[in-house]
Ligand SMILES: Nc1ncnc2c1ncn2[C@@H]1O[C@H](COP(=O)(O)OP(=O)(O)O)[C@@H](O)[C@H]1O
Ligand SMILES: [Mg+2]
């Protein structure tokens, strides 16, 4: 289908760049059979702190030895209910998958965690438990169960874990824990099965290792009161059992804090004060046992020297000191139905002591587990949900280990791991093959390394190593370790997985001790020493002898419930080995396990390729590789038709969106369309089998792409639909607004029109009745007329006094109009008057007088109107100073140059006419020729023509007054007005037509004749009259 590079690219496109380091699943590796590629991938990911990788559905985890930020609540949420391949590999994915499988398929599940010591198995178990504690539905009641499940761990670890060279907190027992769930999926109970506690650690530790944590915790953290009661000292160095490894105190472990944690956990899991006290008594008794010393007495038998310890032991274990003493120094042999007691030598006594210590501790541990189980057990009375049979099991064994010297216990442990591998193979391959059968698929048997042959080597009846050992122990005669080895060599020398010094070729022989035999385990080759095997079996008998002492005292029996008849028929080795197969059987009942394989990285610094390759090859990579091959052979992926077609139907036009025929046909069409090659898949009855995971991944990628296009399409359609809806809503709203607004406009217009019609109608009616007295019909009209007249008037008021315009008032307002006009005029006059200056006032007064006197009477009057009257025509400096002197204090108000005509000869002479307040003076140069008091001025005569002649009538009295004066002025109107006003003779000005008579003196009269002509001529006529021809003015 798709090229492999393409696969990888698109397959992981959904993941973040970080997740894309290497491949997430080893089956995606091109050359999945190459170890180098396998390790390279693991290394690449580990370098980026990606500690999890899949091999199909197996999770491989590499211990990071540091806290990683991948266990938060958010991480848990991310894995909840999500498919395996949708998220990056994680222990939570395994946990969640098993949980969901348990819930949906109602089938028990088991998570199997294997790996060598320090690889992180126990941590993984804890992570899984935490995952359930956080993500499973919970109520308050369930919370207690959850707490107990979680808190059982610190207690078990305190008693069952110890510091080893590899791991500060190495589990020294195997643990199978199952969690029961109610029908809602909430945890309601649990059960713990422990096995293979490494009891030898109680009495001996390798260099750099410690005894079980609890001893150190008790000594470090225990209250002094408590320690006193137990007869202990707060110093680990005092106790022989604690210092074998020479590292009682290590900086990385805080025993004091751990002690607190354990105490708290004990209370959570329902341990009463007295339970705890008793538990600690036993722990203390083990320490005391360790300090018991023997010496040889005269008979060569051992004798106790530490009476103090015996005393404490007697109280703590509640046994009699004497029987205890005897049990420690003697052995009982049942011969011919009789019990014989024989003393022990020094070595034997020490063995007996250690055996007792181991037994006591071992049973305490079992008791502890039982007690925890009691508190975890589902109790109907708690009112928890109804119990279902679904359980989820977690198997954390302590892993395959290889030491320099591998003891019998190690043999058991490694055998157990072997057994588990067998189980795993059986479950995965067998279940798969069963499925093929059920689906009617032809299958070829698959080549894989089956370790059954090794299991058989150990456990087969009569021929297996255990059987042989059993036989050797029970055989009468002197059985020793070496006879046992010989027996082994004899019986199984041809087995391909068994080697001894004798059987090995020259080269390999060097790697052997003479008392070793080698098993070529599934996970690596291990040399086991036979030394001590028989002994340990035989001392088991001693052990049980001692143990028989124990049930007698009342209380601690609770700690050591012995199987019935145990004393009568001591178990031999094979029975205890049966413990190995216990968990195996248990899991076999559950569904196919979800295996998790934990791997430690090379612990010493940055891993060197060769070193950790070799290391892993020996120990564990081999296993990983084999698993990756197991999964990759055969049909690696199966899918139910329904699920397959639902998931992938969008990839084929025929099946998208729906397939109407049979499901199987639909799937067939689909895979044909996808271009699956015939060898890549098979169609079963209800499932499709896909041979290579990469086929499915390619399909998955195609789906990923397709999803995008579908999503785009959906998006487009949805957006289109959404926009259309939005548009339509908007359009509807717009129309609505429009309609409303149009209505509103229409209504307004109609109202306006109606009002207009009303107005017009009223207007017309008013017009018709306009002459009638005010009545409803015409009042509007009249008001309107009045109003408009007034408004019009306001706009068109006369601008000045001379403006006579005035709007024509309607009849009703004639009177008011007139009054207004008056007012307006008055107002204008008033304001005009207020504005004029005194000079102007004078000017106007003079003009008014002039008008009154001369208007329409003298021809040159109109010409004078536009010219302003001057205040005077001669300034003071133009007058002769003598004249001014002569006038004295009379001030000259007006002076004008005039022409005087003699009364007799009418000779013209230039003179000045001066006016003062009281008199007029006629002046010639510096001489006053004539003074005329105003009082003596009778009148003034002037012609009606345009000339400037005038006569001042003065009576001829006295010498001074020489009679009337004939004068001519160029400003006749102005001059006469001034004279008349000064002399108050305004009404004495005569305007004559034709001629003027004047007195010359003493009754004589002169005449001046006036005629009109083309130009002014003044001359004496033949008749002795003065003839004046005045020019005709155009204006007339
Ligand atoms: N996932 C992990 N993250 C961080 N540290 C871990 C993780 N797994 C293991 N470790 C470290 O490795 C040590 C040994 O792990 P443990 O589970 O006790 O090993 P095992 O049970 O396989 O012997 C732990 O004490 C812890 O410090
Ligand atoms: Mg462990």
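Note: Cβ is positioned from N, Cα and C throughout, glycine not excepted.
Whatever TrEMBL says is automated annotation, not expert-curated.
Annotated features, as they stand in TrEMBL:
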type    : residues                               : note
DOMAIN  : 22-530                                 : domain 'Myosin motor'
BINDING : 115, 116, 117, 118, 119, 120, 121, 122 : ATP binding site
DOMAIN  : 858-1032                               : domain 'TH1'
* To do: Select one residue from 115, 118, 120: among these binding-site residues, choose the one with the most other Cβ atoms within 10 Å of its Cβ.
  => 115
* To do: Indicate the candidate from 117, 119 with the smallest number of other Cβ atoms within 10 Å of its Cβ, considering only these binding-site residues.
  => 117
* To do: Please name the residue among the binding-site residues 116, 121 whose C-beta has the most neighbouring C-beta atoms within 10 angstroms.
  => 121
* Of 115, 117, 118, 119, 120, listed as binding-site residues, which ones have a Cβ less than 6 Å away from ligand 2? -> none
* To do: May I ask which of the binding-site residues 116, 117, 118, 119, 120, 122 have a CB within less than 6 Å of any atom of ligand 1, listed in sequence order?
  => 117, 118, 119, 120, 122
* Once the DSSP letters are reduced so that anything not helix or strand counts as coil, what is residue 121 (ATP binding site)? -> helix
